[in-house]
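Quick notes on the structure that follows.
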Amino acid sequence: MSRVYNFSAGPAVLPEEVLKEAQEEMMDYRGCGMSVMEMSHRSKMFQTIIDEAEADLRELMNIPDNYKVLFLQGGAALQFAGVPMNLMKNGVADYIVTGQWAKKAYVEAQKYGKVNKVASSEDETFSYIPDCSDLPIDEDADYVYICMNNTIYGTVFHELPNTKGKTLVADISSCFLSEPLDVTKFGLVYGGVQKNVGPSGVQIVIIREDLIREDLPQWVPTMMSYKVQADNGSMYNTPPCYGIYICGKVFKWIKGLGGLEAMKKRNEEKAAVLYDFLDSSKMFKGTVRKEDRSLMNVPFVTGDKDLDAKFVAEAKEAGFENLKGHRTVGGMRASIYNAMPKEGVEKLVEFMKKFEAENA
Ligand code: PLP
């Protein structure tokens with residue numbers, strides 16, 4: 001067996017310990033004679049899996065009791081609709097557009113009400129986080145929406161926007177569990193799990209209880225109602241059982257490493273290896289304003305498209321996968337989520353140094 005260094009923006013690398021454990025349990029989960037994929041979601045055994053996953057996530061993120069944790073399916077993109085369907089009571093929301101995912105959420109929300117773009121960084125290809133200290137927040141806004149970490153552009157909100165008292169909602173897909181997050185600053189956070197947490201398809205919604213509405217419009221699909229999902233313990237229908245089981249294992253893996261403070265330290269050290277090199281290189285350049293850099297996604301360019309393509313091809317040959325940048329930024333992007341070992345980034349930087357020397 002040989003495993004590559006996978007720098008994919010998602011689905012991403014999972015911890016090897018988790019994959020190995022899942023492999024061992026694949027055919028016979030803890031002596032029950034079947035796989036988690038095969039067992040009833042109404043069984044005691046699966047109930048224990050989902051309960052433990054929730055308890056571990058609550059502990060890791062320090063989630064207060066007045067927040068519900070929902071394990072849903074359909075990917076993060078389904079919540080681009082789920083959020084406005086459930087939270088737009090006045091029919092108004094303010095969106096901060098800092099990348100393609102925020103933009104998609106902004107466009108989707110327009111199907112359900114009046115949506116204001118209160119800030120954007122599109123003028124400079126989303127390479128920075130706009131000043132959000134004094135936004136033109138709509139008096140009637142039901143919430144203010146951000147995409148916390150912008151996967152494609154490699155920016156992150158180091159400081160949360162001033163919402164002037166309105167509920168803050170965040171898509172945390174690509175920074176989920178990468179560092180501590182004060183959940184109490186948000187009414188709702190959600191994310192697809194396929195970067196730091198588990199297999200694609202599962203999404204986790206963490207919502208303050210008072211935002212869960214009973215009076216949703218008749219047209220809201222039952223499956224999209226947070227109330228229905230909360231009342232049914234995320235099991236209104238058959239949940240993505242196997243995905244939830246893997247998420248649970250990842251939560252335990254993070255706990256074993258020392259929790260989110262330890263994960264942050266690990267991620268900071270890892271990202272510094274790459275950023276320090278980018279800041280010293282004559283060939284490679286980071287594309288993001290330094291103060292807005294993400295710990296998770298690191299886009300960079302040489303400034304020469306042919307050289308970029310040569311780099312991506314040679315890197316692949318050398319066992320560094322999925323380094324091609326998004327088409328709107330060009331160049332390269334190294335996604336260095338929780339499970340990417342520091343050694344992977346060190347080896348990548350060694351390779352970049354060699355490439356620079358050979359192609360200068
Ligand atoms: N939000 C962010 C920040 C993402 O990075 C992605 C996917 O990469 C999505 C949403 C969409 O997620 P999904 O494919 O699970 O719908």
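Just so you know, glycine gets a Cβ as well, placed from its N, Cα and C.
Residues annotated as L-glutamate binding site in TrEMBL: ARG42. In sequence order, MET235 make up the list of same-chain residues 6 or more apart from ARG42 (L-glutamate binding site) whose Cβ falls under 8 Å from its Cβ.
TrEMBL lists TRP101, THR151, ASP171, GLN194, ASN237, THR238 with the feature pyridoxal 5'-phosphate binding site. Cβ environment of THR151 (pyridoxal 5'-phosphate binding site): ALA9, GLY10, GLY99, TRP101, SER173, SER174, LYS195, MET296, ASN297, SER335 lie under 8 Å away, each six or more residues apart in the same chain.
Per-residue pLDDT, averaged over the domain 'Aminotransferase class V' (4-348), rounds to 97. The feature domain 'Aminotransferase class V' is assigned by TrEMBL to 4-348.
The secondary structure of LYS195 (N6-(pyridoxal phosphate)lysine), as reduced to three states from DSSP, is coil rather than helix or strand. According to TrEMBL, the feature N6-(pyridoxal phosphate)lysine maps to LYS195.
Taking every protein chain shown into account, TRP101, ASP171, ASN237, THR238 are the binding-site residues, and of these the Cβ with the most other Cβ atoms within 10 Å belongs to ASP171.
Other Cβ atoms within 10 Å of the Cβ of LYS195 (N6-(pyridoxal phosphate)lysine), summed over all protein chains shown, number 30. Neighbours of GLN194 (pyridoxal 5'-phosphate binding site), defined as other CB atoms within 10 A of its CB across all chains, total 25. Proximity to ligand 1 (Cβ under 6 Å from any of its atoms) holds for these recorded positions out of TRP101, THR151, ASP171, LYS195, THR238: TRP101, THR151, ASP171.
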